[in-house]
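Annotated in TrEMBL:
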type     : residues : note
ACT_SITE : Glu268   : active site, proton donor/acceptor
DOMAIN   : 18-179   : domain 'Histone acetyl transferase HAT1 N-terminal'
DOMAIN   : 278-329  : domain 'Histone acetyltransferase type B catalytic subunit C-terminal'
SITE     : Trp191   : site 'Interaction with histone H4 N-terminus'
Amino acid sequence: KKRFSSGLTAVEKKLAEYKCNTNEAIQLKLVRFPEDLDDDNTTFNPEYSHQVFGDDEVAFGYKGLKILLYYIAGNLSTLFRIEYTSKVNEKFDCVEADDVESKIREIIPPGFCTNTDDFVSLLEKEVNFKPFGMLLHTYSIHEEGGEDITYQIYKADMTCPGFREYHERLQTFLMWFIETASFIDVDDERWNYFLVFEKYNKDGATLFATVGYMTVYNYYVYPDKTRPRVSQMLILPPFQGEGHGAQLLETVHRYYMSSPTVLDITAEDPSENYVKLRDFVLVKLCQDLLCFSPVKLMQGFSQEMVMEAQQKLKINKQHTRRVYEILRLRATNMGDAEQSRSYRLDVKRRLIGPYKKKQRDLAKMRRCLRPEEMTNQLNQIDLNLQREQLEESFQQLVSDYRRVLERLAQA
């Protein structure tokens with residue numbers, strides 16, 4: 001019996017050697033020059049692959065697995081190849097290697113290259129690629145090497161020739177970088193697409209590289225307004241941390257601000273990073289409004305702020321409240337006991353809202369529950385605990401707010 005069980009572990013050990021972490025196996029590139037293909041510095045990996053390979057993010061059946069997904073920087077024509085040093089064979093009873101190829105094919109559109117030569121010959125045609133749609137904004141960022149790089153933001157839609165196919169290639173990146181990504185229904189005309197491109201030079205010509213994008217859905221609000229909702233936003237990893245997200249979000253806000261039919265702008269299930277970005281952009285837009293003058297900030301949150309932010313900047317009430325708290329923090333001398341206490345109370349009064357609601361719900365329950373069930377419910381809300389949680393939420397907020405203000409000071 002013993003021999004049998006140790007035999008199993010030997011097989012298990014052998015099988016374990018054929019497991020690969022898919023976040024490491026998938027190698028992505030945005031290619032501008034043929035030499036990028038062999039340059040490891042241009043490779044980046046997914047943050048997530050669970051939507052394609054399951055929660056453990058593992059592919060079974062290969063040693064040294066590499067899943068190459070290389071994209072031409074502008075129009076995103078794709079090279080897809082799988083490489084490995086060895087693959088499990090039939091000698092292993094009843095085990096089969098995962099069909100990695102069909103899993104990837106499910107998310108990338110057909111028409112990709114499978115060999116490097118075809119890909120390189122497509123790269124030569126890249127000079128013909130131009131951004132889609134209408135130019136909204138041009139900005140430049142000073143590189144450490146000393147030169148200024150120019151970026152442009154365009155608004156596109158499905159009527160732009162070639163955009164539908166391009167968007168199919170672009171959206172595959174969502175799977176690797178947004179935890180709960182899903183593809184959108186592009187036949188619904190209420191989608192707007194905003195794209196960021198970098199201008200770069202190659203052999204004396206100006207070419208465009210894809211940097212990132214945002215999709216926004218225009219919800220109808222009775223009787224004659226719309227409420228644009230940001231659905232997805234992705235700046236591709238080689239460009240992250242350079243300020244493109246803020247440029248994109250501000251440009252999109254400005255685009256909708258000029259439209260009289262837009263009520264305000266919201267976001268669907270925003271990530272923490274998106275909220276930080278939005279705080280920065282909205283505070284930057286709002287800080288010069290009269291209703292946010294230091295004197296008015298010290299008088300507390302007002303209906304005037306709500307109205308002005310919505311009418312002039314299309315910012316909704318909830319986001320205006322955050323802007324108010326951030327700007328009030330800047331105007332508050334936290335070293336002054338009275339000012340600091342007043343600020344703390346003001347923010348905590350908002351934070352306690354959900355707790356208060358819980359208490360009201362409990363009071364309702366109290367009327368219809370038996371006493372022993374009630375004590376159970378009450379134990380969950382210990383007042384001391386509530387105070388601690390409140391203080392913790394407050395401290396966390398203040399440190400987030402300070403980060404926004406630091407970034408604002410540098411902008």
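Placed from the backbone N, Cα and C atoms, the Cβ positions cover glycine too.
Those TrEMBL annotations? Automatic predictions, nothing curated.
It should be emphasised that the depicted structure is a prediction, and the values quoted were computed from it without experimental measurement.
The two recorded residues, Trp191 (site 'Interaction with histone H4 N-terminus') and Glu268 (active site, proton donor/acceptor), show a Cα separation of 14 Å. Mapped onto DSSP classes, the domain 'Histone acetyltransferase type B catalytic subunit C-terminal' (278-329) shows 41 helix, 1 strand, 10 coil. Computed over the domain 'Histone acetyl transferase HAT1 N-terminal' (18-179), the whole-number mean pLDDT of the model equals 94.
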